[in-house]
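Per Swiss-Prot, the features are as follows:
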type     : residues : note
TRANSMEM : 26-45    : transmembrane segment
TRANSMEM : 193-215  : transmembrane segment
TRANSMEM : 225-243  : transmembrane segment
TRANSMEM : 250-272  : transmembrane segment
TRANSMEM : 305-327  : transmembrane segment
TRANSMEM : 369-391  : transmembrane segment
TRANSMEM : 430-452  : transmembrane segment
TRANSMEM : 473-495  : transmembrane segment
TRANSMEM : 515-533  : transmembrane segment
TRANSMEM : 546-568  : transmembrane segment
Amino acid sequence: MAENESNVVVDHGQSRLSDLWTKEDYWAIWLGFVILIAGMWLFLANPSPEFAQKVDKANAVMAAEAERAPFKTLAYYKAQDDKGKLKAMDSATGKSIGAFLKAPGGWTSNPLESFVLSKEAAEERNAAAKSKFEAAKAKSDAAFAAAQVAEAAAAEAGFADTALNDAAQGKIAEWRADLAKMKSAEKKVKTKAFNISTSLPMLMVVMGLFFAIGMKFMGHDVPKFLVGFIGVFVVAVIAQMMGHQSTMKYWGIGTEAWAIIIGMLIANTVGTPNFIKPALQVEYYIKTGLVLLGAEVLFDKIIAIGIPGIFVAWVVTPIVLICTFIFGQKILKMPSKTLNMVISADMSVCGTSAAIATAAACRAKKEELTLSIGLSLVFTAIMMIVMPAFIKSVGMPQILGGAWMGGTIDATGAVAAAGAFLGEKALYVAATIKMIQNVLIGVVAFGVAVYWCARVECTSGRSVGWIEIWNRFPKFVLGFLTASIIFSIISGSLGSDMSQIMVNQGVLKGLSSPLRGWFFCLAFTAIGLATNFRELAHYFKGGKPLILYVCGQSFNLVLTLTMAYIMFYIVFPEITAKI
């Protein structure tokens, strides 16, 4: 083989039984499963009996109100909000874990406040935000009073007067919008003192030893890895700090972007120190994080939004991927098929997660993966700000806007942030559609593996066997899918309410999601530290990667919006009405 295999995302090789304990993909699965099992033991083993009692009480109120009125009343929403306050991660154990995994916090002008915030500084922040909170609270209280009057008028008419019902719904909707703003302002007056200067070194040691287990079995030099991991972790912490700076956060330049930027600055100026290089295990970190992501893809949530969401995510996405790849090959004449495929998958499916899976399936070069992820991060930062602003300016319905953003913005976190800017319904629809789209990570990886074996690297006159496809298929995707299936079963058995409390607000947000965030940050840091500008330069010849991304994303925007409108407002308006 002419190419240097160390420059490929996943090396060629035949499958053996020993792969289960000597290969990176399997270790990503085992480590991911260890975290998820630990999460289940910590949060699911002994649920508080108060949860079930409070859920039953809230559901009784909601059922009674749903029968009493043809719309969601104030009492209905109050009960719904009471359920939303129940979180397994609010237990003593959950709070301890959260404190240990805490990343650097937000800051404006003093970066040290990202690590240590004194009681006096916390009180100063609270005092500065108090006036805005009080104004938001007064507005919310006034909106609630107006909604009470409107609902009382509708109730007095026996909820038989359509005009009064509509007026009540309108006032309640205004109250909900003002309440959301008040809650956002309230967070800023509840700032607490913290000090993570001691927990961060401990977290570094624990994470280093955690990944070192796999490194030992894979035949790497563990002491050298651990020494190098210190350097990677320190850069990752700086990236976390920069990503939480208020201005950077506002403009969407998050942790991932800073991890790559800082890493590349080091690599292309003073050079990445040799002692750090053994810890630049990009795929190892990100694949472990992707296994954890699988647990967040729950089938009951997919079913909840119905066929419209599935059409937006599962019909549009493969069309855009295939058309973009063909456009790159036939029109742009992209010299690298692997770069073309990775960019197409990155842009059409779900950003970096799809990029790493696709790069593994088609044996893309690491520089091609870096370039693709870089494009994704830049456009994600732009779209998460521009799209919600545009949607608001043209008066697009929240559900349509949420579906549009969920199907087009690459990163899951950016989708949630953009959806929250529009409102509760937009956030729910956007996040759910992105989650449905995440399921395609495994499907796309398998499809690309088959296509590359059968069409791109095939030998004339020789048929492709399943063994060859299996050898190429990125095995960590099996961990992603297994985690999704297991947690979907657990979630379904608990019921939607208890699943939200114990799984989503327990195992996931209390343990696996924070760790996934750290693992992704480590991976992006390693990408930056391993990237040489000179090696990337020739890929930008003629600007073809940028043109491919812009054209593909433009097609994605048009097709997703069209499909969302047809599915949510023409074919299935009754489902839209229930959201």
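Every residue gets a Cβ built from N, Cα and C, even glycine.
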Run the contact check on the transmembrane segment (430-452) against the transmembrane segment (473-495): 3 or more C-beta pairs under 8 Å, excluding pairs closer than 6 in sequence.
yes
Among 193-215, 369-391, 515-533, 546-568, which stretch has the most Cβ pairs under 8 Å to the transmembrane segment (305-327)?
546-568
For the transmembrane segment (26-45), sequence-distant contacts whose Cβ falls under 8 Å of one of its Cβ atoms, 6 or more beyond its ends:
19-20, 88-89, 91, 93-94, 97, 210-211, 213-214, 217-218, 283-284, 287-292, 294-295, 475-476, 478-479, 482-483, 486-487, 490, 502-503, 506-508, 510-512, 515
Going through 193-215, 225-243, 250-272, 369-391, 546-568 one by one, which has the most CB pairs that fall under 8 Å from the transmembrane segment (515-533)?
250-272
